[in-house]
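These notes concern the structure reproduced below.
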Amino acid sequence: MNLHEYQSKHLLKKYNIPVPASEVVFNPDAAVDAAAKIGGDRWVVKAQVHAGGRGKAGGVRLVKNKEELKSAVKALLGMRLVTYQTDERGQPVNQILVEQTSDIARELYLGAVIDRASQRIVFMASTEGGVEIEKVAEKSPEKILKVTVDPAIGLQPFQCRQLFFGLGLQDLKQMRSFTDIVMGLYRLFTERDLSLLEINPLVITGSGELICLDAKINIDDSALYRQSELREMRDTTQEDEHETMAQQWELNYIKLDGNIGCMVNGAGLAMATMDLIKLSGGDPANFLDVGGSATKERVTEAFKIIVSDKNVKGILVNIFGGIVRCDLIADGIISAVKEVGIDVPVVVRLEGNNAQLGAKKLADSGMNIIAAKGFADAAEQIVKQVGVIA
């Protein structure tokens, strides 16, 4: 789950991490009130969307008076902001962050992520603040400093100092402030079950202070059951509606750009299915894992989600029956196809417990359901069917 910038900064303040004074607003008049509360005669207006690249897309604006402020907020609210991280439809702007300006002398990058290889939290820092860290990693990986956290003892102050001096910084007052910030970020990361945390940029002001000018936070979805405060911060308007619907039924769904819908039980089998579709000359329209218990209800909802994508011209169902019998899965598929009213070809490959009986039920159903003879045959059949339609 992703948080908006204003929500992320709200969390940072709870951990005594310095951020600029700011207010989130939902209309132009509230923006004027927010500016009066913040003070000053210039402000930064930031569109709140779950995507990077806002500045280049016109979603971050510097305003020099309250008339410009109202005009900027009015222009941004309600629009769909298109950045390099969104699709062509963009993300809806429903909130605006009005923030005090900062006297920026230097921009740094600071982030933390769970490294799957080492199974540990890794903190990263770079002198290349204010730009996409992915570009830095690609072009100048030597400019990214890393420290790995031992989970038995946690992040240590000496590791913060390693990053500080590695950035070419020397001031002892700044070192203490930097250490406090990084240690606070570590507590935030572990206590709130984060999977990604980025401060980009972390700025050094003209007076030598360190301030977190922007913040990005991703939360581990699997831990939301114990993070009730964060769970309430979810903004479903920023998420794909298909993925939101899938989460309600505990289905793992990711939309792709192809035209062959996939329904599979098991993430590994789902990825192998997508690979085989691609190898056979097709393009998968989604990743969809119905999980180990492919009940009739979940299969029905999975079909509804798949066919709600207008690009889908055919569906491949690939189920391995272990504990769940394939004949019962076949009953669920037939019932779901009838209920949803699917008018595109459906190819089903069943393997495992009672697979032959399940295939017979599909063949005898009288519906537009093709029982495949094997894994490769299933991929070839659906690609062929979609090719005929195209």
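Glycine too: its Cβ is placed from the backbone N, Cα and C atoms.
Going by what Swiss-Prot states, the ATP site holds GLY53, ARG54, GLY55, GLU99, SER102, GLU107, and the candidate of LYS46, LYS64 recorded there is LYS46. Just one of ASN265, ASN286, ASN368 is listed by Swiss-Prot for the same substrate site as GLY322, ILE323, VAL324, and that one is ASN265.
Here the candidates are the binding-site residues GLY53, GLY55, SER102, ASN200, and by Cα distance the one nearest VAL324 (substrate binding site) turns out to be GLY53. In the predicted model, the domain 'ATP-grasp' (9-245) shows an average pLDDT of 94.
Summary: among the binding-site residues (ILE323, VAL324), the fewest other C-beta atoms within 10 A of the C-beta are counted at ILE323. A Cα-Cα distance of 11 Å separates GLU99 (ATP binding site) from ASP214 (Mg(2+) binding site).
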